[in-house]
Each structure stands twice: as C-alpha cells, then as structure tokens.
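Q: Can you read through this structure? Questions will come right after.
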Amino acid sequence: MSVAIALDGPAGAGKSTIAKRAAKALDYIYIDTGALYRTIGLSAMRRNIEPVESKEVSDMLSEIKVEIAFNDKMEQIVLLDGEDVSSLIRTPEVSMTASKISAIPEVRAYLLDLQRDMAKKNNVIMDGRDIGTVVLPDAKVKIFLTASPEARAERRYKELLEKGMNVSYDDVLKDVNERDYNDSHRKTAPLKPAEGCVIVDTTELDFEQSVDKIISVIKENV
Ligand code: DC
C-alpha cells in the first residue's frame with residue numbers, strides 16, 4: 001500500500017519548495033497539482049478562451065492531453081499534448097488564469113483521476129488546494145500550510161525578481177489576495193483546511209524551520 005501525504009494551503013505559503021525538500025528527505029515523490037491547473041490555463045490562453053464555464057472550455061478539455069512526467073532528477077514536469085510546458089506555466093498571467101479556470105467543476109473533474117492515479121502508484125506528498133478534502137480524503141497525513149498574505153506576497157515577489165520578472169510588491173500582494181479570494185470562495189472544492197488536518201503556519205518560520213516542521217508532522221503521523 002502506498003502512503004499519501006496531502007498538503008494544502010493558499011498560494012505562496014511555500015508549499016512547493018518545502019514539500020520538495022521534505023519529499024527528498026523522506027523518499028516520497030512530490031506532486032505539484034497546481035501545475036496541472038496552470039497547464040489547462042496556459043492551454044486556454046493559447047486558444048484565446050476565457051477561463052469561465054463554457055462550451056469552449058469543455059471542447060478544449062476533450063481535445064487536449066495533460067500528463068505528469070519526471071525528469072532524470074525525478075522532478076515533476078508537465079506535458080501539454082506532449083510538449084514540456086513546465087517553465088511556461090510560471091508567469092503571473094498563467095497564475096491568474098489557472099486560479100479562474102480551476103473554479104470550473106469540469107476542469108476539476110478532468111484532473112481528478114490523474115491525481116488519484118499518481119497516489120495509487122507511489123508514496124506521494126501531493127501539493128494543492130483540495131487534496132485532503134477531495135482528491136485524497138483518506139490520505140495518511142493531511143497538512144494545511146499557511147502564512148499571512150503579506151509574508152506570502154513578499155516571498156513570491158522575491159522569487160519573481162530572481163527569475164528576472166519585472167513586478168512590483170503591491171501587484172504581487174494584490175494577486176495573492178485576489179487568488180486567495182477566488183480559491184476559497186469557489187463553489188467546487190474551495191480551499192479550506194480538511195477535517196483532521198494539522199495546520200502549520202510559516203509566517204514566523206524560515207525555510208529550514210518550515211521543512212523541519214513538515215518532516216516532523218509527517219514522521220509523527222505515518
Ligand atoms: O499552487 P499553484 O499556485 O501553482 O496553483 C495554481 C492555481 O490552481 C491556484 O490558483 C489554485 C488552483 N489549484 C486548485 O484549484 N487546486 C489544486 N489542487 C491546485 C491548484
């Protein structure tokens with residue numbers, strides 16, 4: 001039997017970097033489900049389709065193929081119709097489109113089996129918004145990782161600057177607040193702590209402390 005760790009929380013809480021390190025330390029596979037919503041967002045942008053419930057979005061879903069694969073360092077990559085789009089999905093525009101398109105029930109249903117299959121076959125730390133509530137409600141450990149909007153915006157701002165993107169802190173904070181609102185107010189699978197989850201707040205923790213905390217929560221509960 002494979003072991004699943006569900007890791008949910010708002011954008012910019014550090015889920016991906018923290019979970020990657022914890023997965024490596026514990027020999028689990030790290031799965032980033034946000035990348036799947038981003039890939040569908042990118043696909044809609046390329047086709048000039050509005051990220052709202054519509055026949056265009058349904059048709060698009062029946063035409064595209066979204067896959068998870070791993071590179072030789074065992075890092076996740078995402079494929080859109082066979083093309084590696086892992087870097088292309090990391091722009092603020094794709095973030096916003098992904099947040100909007102992820103509110104569409106059909107989009108969520110489309111990605112459900114893919115996510116569950118990954119957890120059936122591997123020991124995973126799966127990072128998302130609804131992993132503990134919807135995708136893997138029977139996960140062995142459920143963690144809700146959060147931090148204040150300002151702390152999250154600050155971290156994302158630094159990340160984007162390091163990638164050479166021209167953004168302002170105020171815009172990033174606005175994006176964080178807007179995405180939090182979208183993610184937690186949608187009708188289908190809104191972002192909220194799962195029943196029985198452990199809440200970890202990293203506002204006052206640095207990266208190493210956050211990783212240690214997550215690893216200890218997992219070890220105590222597996
Ligand atoms: O984690 P992220 O920022 O890469 O996710 C991009 C968007 O996808 C985010 O706004 C919310 C959505 N998402 C979701 O609805 N459910 C998930 N399991 C993962 C992400």
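Cβ coordinates come from backbone N, Cα and C, glycine included.
According to TrEMBL, the protein carries these features:
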type: DOMAIN; residues: 5-219; note: domain 'Cytidylate kinase'
type: BINDING; residues: Gly9, Pro10, Ala11, Gly12, Ala13, Gly14, Lys15, Ser16, Thr17; note: ATP binding site
Q: Measure from each Cβ of the binding-site residues Gly9, Ala11, Ala13, Thr17 to the atoms of ligand 1 and list the residues where some distance is under 6 Å.
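A: By the Cβ criterion, which requires under 6 Å to ligand 1, the hits are Ala11.
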Q: According to DSSP, folded down to helix, strand and coil, what is Thr17 (ATP binding site)?
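A: Once the DSSP labels are grouped into three classes, Thr17 (ATP binding site) ends up as helix.
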Q: In the same chain, outside Gly9, Pro10, Ala11, Gly12, Ala13, Gly14, Lys15, Ser16, Thr17, whose C-beta lies within 8 angstroms of the Cβ mean position for the ATP site?
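A: Filtered neighbour residues, in order: Ile18, Asp127, Leu145, Ala147, Arg152.
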Q: Show which residues of the chain containing Thr17 (ATP binding site), separated from it by at least 6 in sequence, have their CB under 8 Å from its CB.
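A: Those within reach of Thr17 (ATP binding site), by Cβ under 8 Å and sequence separation of 6 or more, are Phe207.
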Q: Measure the Cβ-based neighbour count of Ala11 (ATP binding site), defined as the other Cβ atoms within 10 Å of its Cβ.
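A: I count 23 other Cβ atoms within 10 Å of it.
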